[in-house]
Structure formats: C-alpha cells, structure tokens
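Listed in Swiss-Prot:
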type: BINDING; residues: Thr13, Glu14; note: Ca(2+) 1 binding site
type: BINDING; residues: Glu14, Asp17, Asp19; note: Ca(2+) 2 binding site
type: BINDING; residues: His28, Asp35; note: Zn(2+) binding site
Amino acid sequence: VMNLWPGVRLRVTEGWDEDGHHSEESLHYEGRAVDITASDRDRNKYAMLARLAVEAGF
C-alpha cells in the first residue's frame, strides 16, 4: 500500500462486531471481516485494496 499510494494511511474502523451493527451473515461476528478507510477518503482505492488483501492471504 505504501508503494502504491505514498502518503495515504489506512485506518481500521471495525474488525469484530458483537453489537449487531452488521447484517446477520456478516463475517464480523466471526472476526473474519474488517472495515477500513483511507486517509484521502478516495473510495476508488477500495477495489485494489481488496485485491491486495487477497494476494497477501487475507
């Protein structure tokens, strides 16, 4: 991520949910999902970020 988007920071906003804020089928209840934002708020990065996560084994 640092090489692809210099200066952009990622922030994890949620990784586990036990309060019922997500849909019934959400992987947050199993600790297998994460909500992330980018410091530049560019949502166009999210598809590439998802691909990078899969390539890294997430």
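The backbone N, Cα and C atoms fix where each Cβ goes, and this holds for glycine too.
Secondary structure at Asp17 (Ca(2+) 2 binding site), taken from DSSP and collapsed to helix, strand or coil, is coil. There are 8 other Cβ atoms within 10 Å of the Cβ belonging to Thr13 (Ca(2+) 1 binding site). Here is what falls inside 10 Å of the CA of His28 (Zn(2+) binding site) among the binding-site residues Thr13, Glu14, Asp17: Glu14, Asp17. Distance noted between the C-alpha atoms of Asp35 (Zn(2+) binding site) and Glu14 (Ca(2+) 1 binding site) is 5 Å. For Glu14 (Ca(2+) 1 binding site), the same-chain residues lying six or more positions away in sequence with a CB closer than 8 A to its CB are His21, His28, Val34, Asp35. Looking at Asp19 (Ca(2+) 2 binding site) and Thr13 (Ca(2+) 1 binding site), their Cα atoms lie 15 Å from each other. Same-chain residues at least 6 positions away in sequence with a Cβ under 8 Å from that of Asp17 (Ca(2+) 2 binding site) are, in sequence order, Ser26, His28, Tyr29. One way to see the shell of the Ca(2+) 2 site is to take the Cβ centroid of Glu14, Asp17, Asp19; the remaining same-chain residues with a Cβ within 8 Å of it are Trp16, Glu18, Gly20, His21, His22, His28.
Ranked by Cβ neighbours within 10 A across all protein chains shown, the binding-site residues Asp19, Asp35 are led by Asp35. Of all the Cβ atoms in the protein chains shown, 19 others lie within 10 Å of the Cβ of His28 (Zn(2+) binding site).
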